[in-house]
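Quick look at what Swiss-Prot annotates:
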type: BINDING; residues: G10, F11, I12, D31, N32, F33, A34, N35, D66, V67, K92, K162, Y186; note: NAD(+) binding site
type: BINDING; residues: 132-134, 186-188, 207-209, 225-227, R240, 303-306; note: substrate binding site
type: ACT_SITE; residues: Y158; note: active site, proton acceptor
Amino acid sequence: MHILVTGAAGFIGSHTVLELLNSGYTVLCIDNFANAISVTDEHGNAISLKRVAQLTGKDVPFQNVDVCDEAALEKVFSENKFDGIIHLAALKAVGESVAKPLQYYSNNLVASLNLIQMCLKYNVKNFVFSSSATVYGPPSELPITEKSQTGQGITNPYGQTKYMMEQILIDVGKANPEWNVVLLRYFNPVGAHKSGLIGEDPKGVPNNLMPYVSQVAIGKLPVLTIYGDQFDTVDGTGVRDYIHVVDLAKGHVKAFDRIKTVGNIGTEIYNLGTGVGYSVRQMVDALKKVSGRDIPVKIGVPRPGDVASVYCDPSLAQEKLGWRAETGLEEMCADLWNWQTKNPQGFSA
């Protein structure tokens, strides 16, 4: 199967492309570096994907395309025959989405609608969408299952765009019963490929916990602010479901494996997480252990909308996709630290 991967140069994208190639799929990668660092070679190829080519020994074709640019996207579809789409491209910083809601609604929805329209026009019927645990809002129950309430109390435009896109894809799937739509609700991806050649290289100050912690550990940032230590959790700090990015990437491969094996599956929704929650302090302590570095912390006030605990029940993905997260906390942190120490300046080094 030939797969178009949008947002392919980023953290999740590069790891997903690697797992697709290792599983016998072929890919075309597109990205416009809205989130990923725009580090390219003299030919305009993404450094992250060049490293994927190095790791797999396979060709990784790449085009610098903004999915919001309908004409550029149409050119991609008119020149290639795709069997399926993995749609990862989106603006993704929760805090920024609150400050710039229109930018998020415009970018994330227009990009996705353009892509769906091209799929309809060029008869591409298999669509795997990068969704998020944010669609659940503050959890009404723990662990969160795929049947848990969605769309209520979502505290930021980023999460709203993911929820809206889910609804649009569910409706498109109903109207086009020959389509296969898989909505993958990610929890908190961390870690990096074992080689240390690819990993998370955020623009500016990291928005996510673990890249921030690792940059404090290596000395790029002075101190970690923990937002709240009075939650009803094991140590007062927020608990989340952290999943190794390689395990997450394999979930996308399993989605296409299921489509290949079963045929017409309609629309299916899966949580991709470990089912185990770790607190901020537990994550910091684990990285301290693997790095041997001190990680200074200070306590700040909780951010608006922060909840005590979020973790999922991943058993549906285990049952139907034959997928489970295999990597434990210490290994996640060791792989992150390996990436950070080998690439202290990210892909810019």
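Just so it is clear, glycine is given a Cβ too, placed from its N, Cα and C backbone atoms.
A separation of roughly 12 Å, to the nearest angstrom, links the Cα atoms of Y186 (NAD(+) binding site) and R240 (substrate binding site). Separation of the C-alpha atoms of S132 (substrate binding site) and the residue listed as 'active site, proton acceptor': 10 Å, rounded to the nearest whole number.
Each of the binding-site residues N32, S132, N207, T225 was scored by the number of other CB atoms within 10 A of its CB, and the lowest score belongs to T225. Taking the Cα atom of each, I12 (NAD(+) binding site) and N207 (substrate binding site) are about 15 angstrom apart. The record assigns G10, F11, I12, D31, N32, F33, A34, N35, D66, V67, K92, K162, Y186 to the NAD(+) site; their largest pairwise CA distance measures 23 Å. In sequence order, Y158 are the recorded positions from Y158, R240, G305 with a C-alpha within 10 Å of the C-alpha of K92 (NAD(+) binding site).
Between the binding-site residues I12, A34, I12 has the most other Cβ atoms inside 10 Å of its own Cβ, all protein chains included. If you take the C-beta of G305 (substrate binding site) and look for same-chain residues 6 or more apart in sequence within under 8 angstroms, you find P138, T155, N156. For G10 (NAD(+) binding site), the number of other Cβ atoms no farther than 10 Å from its own Cβ, over all displayed protein chains, is 25. Fewest Cβ neighbours within 10 Å among the binding-site residues K92, R240: this applies to R240. For G10 (NAD(+) binding site), the nearest neighbour among the recorded positions Y158, N207, T225, R240, judged by Cα separation, is N207. Other Cβ atoms within 10 Å of the Cβ of Y158 (active site, proton acceptor), summed over all protein chains shown, number 24. Distance noted between the C-alpha atoms of N32 (NAD(+) binding site) and T225 (substrate binding site) is 31 Å.
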